[in-house]
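**Student:** Under the heading compositional bias 'Pro residues', TrEMBL lists 143-161, 224-245. If you look up TrEMBL, you'll see 211-220 marked as compositional bias 'Polar residues'. The domain 'Phytocyanin' annotation in TrEMBL covers 23-123. Marked as region 'Disordered' by TrEMBL: 138-174, 211-259. TrEMBL lists 1-22 with the feature signal peptide.
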Amino acid sequence: MASNKLLMLSVVAICLPAMAMATDYLVGDDSGWTINFDYQAWAKDKVFYVGDKFMFQYPKGYHNVFKVNGTAFKNCDIPPANQALSSGNDTVVLNTPGRKWYICGVSNHCSTYAQKLFITVQYQYGWAPAPTPQILQVSQPWAPTPAPTPSSPSTPAPTPSVPDTIVTNPWASSPILSSPPLPTPIAPSWPPAPSLPTTLAPTLERWAPTTLSVPETTVTDPWAPAPAPLAPSPISSPPSLPTPTAPSWTSAPSPYPWI
């Protein structure tokens, strides 16, 4: 009993701060929910948590609010009219985390005038709760087999006979099979080869050194006197030349008679 009260107090202590920190947002601020307004720029700097509230304010009858999925948001597909919020002062509580899409389904306000809003909702403390672990029932292959319930005595089933297995020695050498005898080859009969004449190899004489005969030379005494020089042959006298005679010239008359 005491443990249950402690559990309830713990849940209240966790939930109260989250409820106290919830924020109310007026979509579009002073502009409200209308056409020709950039709602993505309005939501860009804001962080939305589970428990926050969105308030769509607009003139009743001029607009409405549809919660759609991502595909309908992109294509501006309008859901059935009975799913619309059309009070002019609609409040949407963000109860779950994730992506949220909202559009206006009046005329072409979504496709032409961009009257639509996309946000992402986070958990209050930034973490999603861990999923509940699933208990898997795994049968133990080593569990003992339960004993059979005793029943009335009956004839026991015959034990199957197992044929005897002859185990041979794997290392024993296998018997060698005798091969059939091979036929004896018969040598072919070839005509006898002609006999070649027998020639004796020339006998080589043993080599002996050859004695060279050197002519004898007479060595003269280098200190003997040289032989006497040959006497000059007598020179015969030259023949006598004839004596030249002076020419006889006649005297010419003198050009100077006074001489």
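Here the Cβ of each residue, glycine as well, is placed from N, Cα and C on the backbone.
A TrEMBL annotation is a machine prediction, not a hand-curated record.
Worth saying up front: this structure is predicted, and the values here are computed from it rather than measured.
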**Student:** Given the model, what does the mean pLDDT over the domain 'Phytocyanin' (23-123) come out as?
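**Tutor:** A mean pLDDT of 96 is what the predicted model shows over the domain 'Phytocyanin' (23-123).
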**Student:** Of the residues in the domain 'Phytocyanin' (23-123), how many are helix, strand and coil by DSSP?
**Tutor:** 18 helix, 35 strand, 48 coil
